[in-house]
Every structure is written in C-alpha cells, then in structure tokens.
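Down below is the structure, laid out as structure tokens.
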Amino acid sequence: MLYWLIDLSSSFPAFNVFRYITFRTGGAMVTGALFVFMFGPWIIDNLRLRQGKGQPIRTDGPQSHLMTKKGTPTMGGLMILSGLTVGTLLWANPLNPYVWIVLAVTLGFGFVGFYDDYMKVTKQTHAGISGRTRLLIEFTIAGAACFALVWLGRAPLSSSLVIPFFKEVMLNLGWAFVVFGAFVVVGAGNAVNLTDGLDGLAIVPVMIAAASFGLISYLAGNAVFAEYLQINYVAGTGELAVLCGALLGAGLGFLWFNAPPASIFMGDTGSLALGGMLGSIAVAVKHEIVLAVIGGLFVLEAVSVIVQVASFKLTGKRVFKMAPIHHHFEQKGWTEPQIVIRFWIIAVMLALAGLSTLKLR
C-alpha cells in the first residue's frame, strides 16, 4: 500500500524513495520481523492453550524427542505467514501480478499444511490429510500458478527450461512446462516439509534460499543487470524481492522462538508454504535448476527418504539408520545443535554455488 505514496512525490520528493525495490525490500523485512516479535508470544500462548498436548511426537523416531519436544505447540507457520503477508501487502507493488501469484501459492500451500497440522493435533496422530488428497490439492494450486506464469510471461521464455552456466541455452517445453513447473513447486514444498525435523533446521536454510532468490529476482527483473550478467530478463519479477525480504524478516522473528529448545514448531503450515513460495519464485524468474543447487539441502533430505523407502521395498534393507537424513545423523550420535549448525553451513555453501551461476557463463 505504501507504494501508492509515489503519486505524492511531485509534492513531496522524499516519497520518491518508494520507487526503489531495494528500499521497499528492507521495509518489508523490518515489518515482517517486528510483526512476529510483537505478536509471536500471543500466537504461541493461544496455540498452546488450544492444542493442549501439542504436536504428536513420533514414537519410532529418536527417543530423545519424546522427552525434549513433547508438549511443544505446532502451526508456528502462522506467525511466519502473517508477518510475510503484512510485509508484502504493505510494501510490494499491488499492481504486480507476480506478487499475487506467488502469494497465492504460499497461502494456498499454507492452508493445506494448516489443515494437515489441525488433523494431527486434534487426533493426536501423525496421519493428517491422506497423501493422495494432499498432493492433488498441491498440484492443483501449483498447476494454476504455473499456467498463469506461462500465460503472463514472454514466449518462448515463459514456457522454457533455462540451463544455467550456458548463454541463451533453454529447452522450450511449450504448455508441458506447466506440468514441469508444478512438479518444481510441489517438490520444493514437500522437500522443505521433510527438512523441518529439528529446532531451527528448516527456517535458516529457507531464509538463505530466500535471500538468494531475492537477489536473483531483483537482477532478473532489471533489464540493465540482466543484460550485463547475460541472464534472462523477466519484466516485473524484481518485485518478488520484496516478498523475499518479508520472508527474511518473518523468518528471523520465528527463529527467535524456534531456537533450541523451541517454544513452537513451524509445522506443515509453515514448511509447505515456504517451500512452495521458493518453488514458485524459481519458476517465475526461470531459475528452476538453480533452485536445486541453492536448495540442495532440501533435495538431500527428500532424496534420502525416497532412497530409504525404495531400498526397503526392493531389498528389505535400509540405507540409512533413519530418514530423513538428519535423523540418520542423530542415530549416529551427533547432537541436535551439531546437525543443525552443520546443515546451515552446507546451506550457505550451496547458496554461494547457486549464485555463482549468475556470472559463470
């Protein structure tokens, strides 16, 4: 909404500052953080009161979790999504369609995760929405968003898969790109969901990825920078940096309460939404493959589950002591802080590797 203050810049030149995406990104970040810091304790108290026993803890998981995490409320994603939404609505350009598409995916996935969390908490079981139903809803949301992105963008770029490290190399998938894009968005959402298993483990890599894609969005949406770096220019996507800023701020606020020992868990409400947001931004700015690099930690977690399930069904043997892979390291004797901080370090290194694709061509 503050974007409209630009109209008053002829009378008040200071309002020209609202033209700059960088300024509004910083404003969205501060707004998201302040919102979560201010309302976080109230949200946590209400969730704890309404949930009673909190998130059910897996009895087949690490036994230490039964002692240290029992009774902790979930659905903390509500804090993040609230701060993210307020920051975005306050600072982003309301006429930019990319903002609304990505925000719709984020909140849509958040609703799916919220209902899943609600089912688990009320029934005190790990069985929330059935897998098929959940995937059907996710693919419907993601498919609609990707259709809009292809229709909105410039052909043939909008329907093409861009290959990093090479100049102007891309595969035009036509309308089949909608299906591919939907897989990227749904895959990202569920990969982040699988990563969210330890205090602070998911939110920091999500923020690292958001910062990276905030930069990529800004550069891809700026014709001068895009030409200099020889990346594909996607008009209008620079505004997505504001969403990334809002996520960074809300994520920092959430980490304050999610730092070990966590006062609240993100839950599917947050992990599905944030993963879906990263996936939809990657599709919008044509950096889907780069997402697999920057979000390599999420890919590793998801692949570990796929490998574990496939191996057990085919051979009756498990590759890992437990999946996702962060539980494997727990079973090997790593402490929770060791796993979390080491995974953060990996996330930083992967982000730097992904950002290197902007220049190495």
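Positions of Cβ are set from backbone N, Cα and C atoms, glycine also.
Pulled from Swiss-Prot, these are the features on record:
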type	residues	note
TRANSMEM	25-45	transmembrane segment
TRANSMEM	72-92	transmembrane segment
TRANSMEM	95-115	transmembrane segment
TRANSMEM	135-155	transmembrane segment
TRANSMEM	169-189	transmembrane segment
TRANSMEM	200-220	transmembrane segment
TRANSMEM	240-260	transmembrane segment
TRANSMEM	264-284	transmembrane segment
TRANSMEM	289-309	transmembrane segment
TRANSMEM	338-358	transmembrane segment
Is the transmembrane segment (169-189) in contact with the transmembrane segment (72-92), using at least 3 Cβ pairs under 8 Å (sequence separation of 6 or more) as the test? no
Ranking 95-115, 169-189, 200-220, 240-260 by Cβ pairs under 8 Å to the transmembrane segment (289-309) puts first 200-220
Other same-chain positions with a Cβ less than 8 Å from the transmembrane segment (25-45) and lying at least 6 residues past its termini are 2, 73, 76, 78-80, 82-84, 86-88, 90-92, 214, 218, 241-254, 256-257, 263-264
Contact call for the transmembrane segment (200-220) and the transmembrane segment (169-189): at least 3 Cβ pairs under 8 Å, seq gap 6+: no
So if I exclude everything within five residues of the ends of the transmembrane segment (95-115), which remaining residues of that chain have a CB under 8 angstroms from its CBs? That is, six or more out. 75, 77-78, 81, 84-85, 88, 128-129, 134, 137-138, 141-142, 145, 148-149, 152, 185, 189, 193, 236-237, 239-240, 242-243, 267-277, 279-281, 284
